[in-house]
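K.L.:
The feature domain 'FeoB-type G' is assigned by Swiss-Prot to 3-169. Residues annotated as GTP 1 binding site in Swiss-Prot, with sequence analysis given as evidence: G10, N11, P12, N13, S14, G15, K16, T17. Annotated GTP 2 binding site per Swiss-Prot: G35, V36, T37, V38, E39, in sequence order. The feature transmembrane segment is assigned by Swiss-Prot to 282-302, 309-329, 344-366, 383-403, 427-447, 453-473, 518-538, 664-684, 691-711, 722-742.
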Amino acid sequence: MKKLTIGLIGNPNSGKTTLFNQLTGARQRVGNWAGVTVERKEGQFSTTDHQVTLVDLPGTYSLTTISSQTSLDEQIACHYILSGDADLLINVVDASNLERNLYLTLQLLELGIPCIVALNMLDIAEKQNIRIEIDALSARLGCPVIPLVSTRGRGIEALKLAIDRYKANENVELVHYAQPLLNEADSLAKVMPSDIPLKQRRWLGLQMLEGDIYSRAYAGEASQHLDATLARLRNEMDDPALHIADARYQCIAAICDVVSNTLTAEPSRFTTAVDKIVLNRFLGLPIFLFVMYLMFLLAINIGGALQPLFNVGSVALFVHGIQWIGYTLHFPDWLTIFLAQGLGGGINTVLPLVPQIGMMYLFLSFLEDSGYMARAAFVMDRLMQALGLPGKSFVPLIVGFGCNVPSVMGARTLDAPRERLMTIMMAPFMSCGARLAIFAVFAAAFFGQNGALAVFSLYMLGIVMAVLTGLMLKYTIMRGEATPFVMELPVYHVPHVKSLIIQTWQRLKGFVLRAGKVIIIVSIFLSAFNSFSLSGKIVDNINDSALASVSRVITPVFKPIGVHEDNWQATVGLFTGAMAKEVVVGTLNTLYTAENIQDEEFNPAEFNLGEELFSAVDETWQSLKDTFSLSVLMNPIEASKGNGEMGTGAMGVMDQKFGSAAAAYSYLIFVLLYVPCISVMGAIARESSRGWMGFSILWGLNIAYSLATLFYQVASYSQHPTYSLVCILAVILFNIVAIGLLRRARSRVDIELLATRKSVSSCCAASTTGDCH
């Protein structure tokens, strides 16, 4: 079979991702475009004659970039197309928005690269009474047009057949430009590098005349003639860029008049009706908060009900199983405990996170694909405008519910450096999936039936602190007004199940692999440091270990937030959590289990793997029945019952160490707000600078310590009023001084972002080094 590389390009919300998932299935690889932190996805699929590598290009409305301050999407798409890496392009076009989508199509066809138009979302177009003559459109464009409904898999085989039959586009003159424009474009083309095909040189000439700043990188000496060329043109026409765009839109209008009835189309009645409620100025925000709460409720309840299968099952296989092998094969006791607690305990920490994190990713994917997430940005626009930010900046913040790294990277879609930087500083406060894993464990241990409500309150606290951070920056070192907010709202539709599963799987797989590697390594090292004293001797009591001795010295620093000296394990969790937040659970599980295991002797004669696995399945089944019982549905704030008994195991020790729900909640506040993980810190440094990364770390530590201290000291005020009052006043005074210093430093702060654009050629190469996707 012949190998073929295809670039997949289209407007945002055109169904490009769904088509990519339909074609490639699970055969996908996620990384970054070389030199930039924009995600690059590749997938593999086969046709009758070809083995295809499909490259998913960023969604973009055109290939023209007027300002270097705009997002990188147009630059990356243009660079890849001009690089010659793609043998063929598939342009995904939204049939319900044909006129707008055809602008990008015309630019692609003018380049002369073989192209297939995938006319998607025909089902939505039909509901709006839009009729499109496929053959007529194909004849006018001079390339194959394949009708598709990617959410249902309709037209996929026809698209594969068209790929096998692909050939150069017919030489059809689509756009009739004014003769002076063509003459000057040809004059520029003559002085461009001769290795570029003539048609592409003419296209680059038009792009330069339109004001595209990145086409100059390919133009060679022609870029030096641009100013003189524009001066000559302005003697004949006012604005060359306007004439070029107008010629294209006239061509699009002529095509649409012949092949479709878009002018008489009816808007989606369902979308219009729902938007009257969802976008209502009074109901929009409560609906958004309810949707967020529902997401956490499902993640905690349904994910928690599935947890015994992963928790009890992994204990049976990787903890008790390793212990049984160790005793049976007469391993040394220290080696058996080391393997069971370190390796087995690390695996046992990762696997129980899967159901709850997976449920949250599934729900997020559903909200994104259904079209609701775009509405959430509009709902939050008024609030974001108060911060001096457009509502568009809330979109990357919502992405932060999954992971803060793409949230920081998503700030690139904003136009102004000030808006990008403010959004980057706010992003770490959005509670990610790794934090949900911590919250879920503490919710089951301390908050009983109010577990989901406790988790919801922490997520809302993260949003509130992000908003307050934005306000602080606006009135201190980043004063300014927001740019107007314009964003396309896609039509509501039911997401395709296959696409949902693939998106959820990609996110969950990335989380588990990343978390698993770190947690298992940390668990092994913690087990080692927990087994020896500072003098190097093996200890029987972990409270005499080197880790305990060092941690006890540091723990008093966290006394104001409710961490007592004997709870040194919680201090270790905060330090390891700086690597990755999910490691907090692994650390606490390893250390609390080590303390508990001293009182629990494992008897290999009583070990029965089949019984323990059956117990895991039975407990999961009972939990699912309880979760979907009528009583729970009538009273939805019912915490997960799949986390095990509180009287035994690591959770029992944790309950004793913290001593109260107030201390546990204060600890969670600190975990929510303090230092972001290493991946996020790296993303902040790349997207801004190391200085701003340092500011983000210090500000987060201050907010976390201040808020956790205020909460715990108010909650426990009656126990030690004098100490609590001193702590509260000290925190308030420190923050007043800090904000005052920031106001004075405003004139000396540079809010420009680091230059992140590499050479033209480097952006076309693939990089498989991902951060956190």
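Placed from the backbone N, Cα and C atoms, the Cβ positions cover glycine too.
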K.L.:
Over the domain 'FeoB-type G' (3-169), what is the model's average pLDDT?
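P.N.:
Mean pLDDT, the domain 'FeoB-type G' (3-169): 85.
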K.L.:
Between S14, T17, which of the binding-site residues has its C-beta surrounded by the fewest other C-beta atoms within 10 Å?
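P.N.:
Least crowded of the binding-site residues S14, T17, by Cβ count within 10 Å, is T17.
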K.L.:
When you look at the transmembrane segment (282-302) alongside the transmembrane segment (309-329), do they share 3+ Cβ pairs under 8 Å, ignoring any pair fewer than 6 residues apart in sequence?
P.N.:
no
K.L.:
Out of 453-473, 518-538, 664-684, 722-742, which stretch has the largest tally of CB pairs under 8 angstroms to the transmembrane segment (344-366)?
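P.N.:
Out of the listed stretches, 518-538 contacts the transmembrane segment (344-366) most.
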K.L.:
Six or more residues beyond either end and a Cβ under 8 Å away: which residues meet both conditions relative to the transmembrane segment (453-473)?
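P.N.:
Tertiary neighbours of the transmembrane segment (453-473) are 289, 292-293, 296-297, 300, 383-384, 386-389, 397, 401, 422, 425-427, 429-431, 435-436, 439-440, 442-443, 446-447, 637, 665, 668-669, 672-673, 699, 703, 707, 739, 742.
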K.L.:
Which of N11, N13 has the fewest nearby Cβ atoms, counting only those within 10 Å, among these binding-site residues?
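P.N.:
Taking N11, N13 as the binding-site residues, the minimal 10 Å Cβ count falls on N13.
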K.L.:
Could you pull out which residues elsewhere in the chain have a CB under 8 Å from any CB of the transmembrane segment (722-742), counting only those six or more residues past its ends?
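P.N.:
Same-chain contacts beyond the flanks: 472, 476-477, 560, 702, 705-706, 709-710, 713-714, 716.
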K.L.:
Quick one: of G10, P12, G15, which of the binding-site residues has the smallest count of other CB atoms within 10 A?
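P.N.:
Checked G10, P12, G15; of these binding-site residues, fewest Cβ neighbours within 10 Å: P12.
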K.L.:
Can you give me the same-chain residues 6 or more apart in sequence from K16 (GTP 1 binding site) with a CB-CB distance under 8 Å?
P.N.:
L8, I9, G10, D56, G59, V92
K.L.:
To test your reading of the GTP 1 site: which residues beyond G10, N11, P12, N13, S14, G15, K16, T17, same chain only, put their Cβ within 8 Å of the Cβ centroid of those residues?
P.N.:
G59, V92, D94, N120
K.L.:
Taking DSSP three-state, what's G10 (GTP 1 binding site) in: helix, strand or coil?
P.N.:
strand
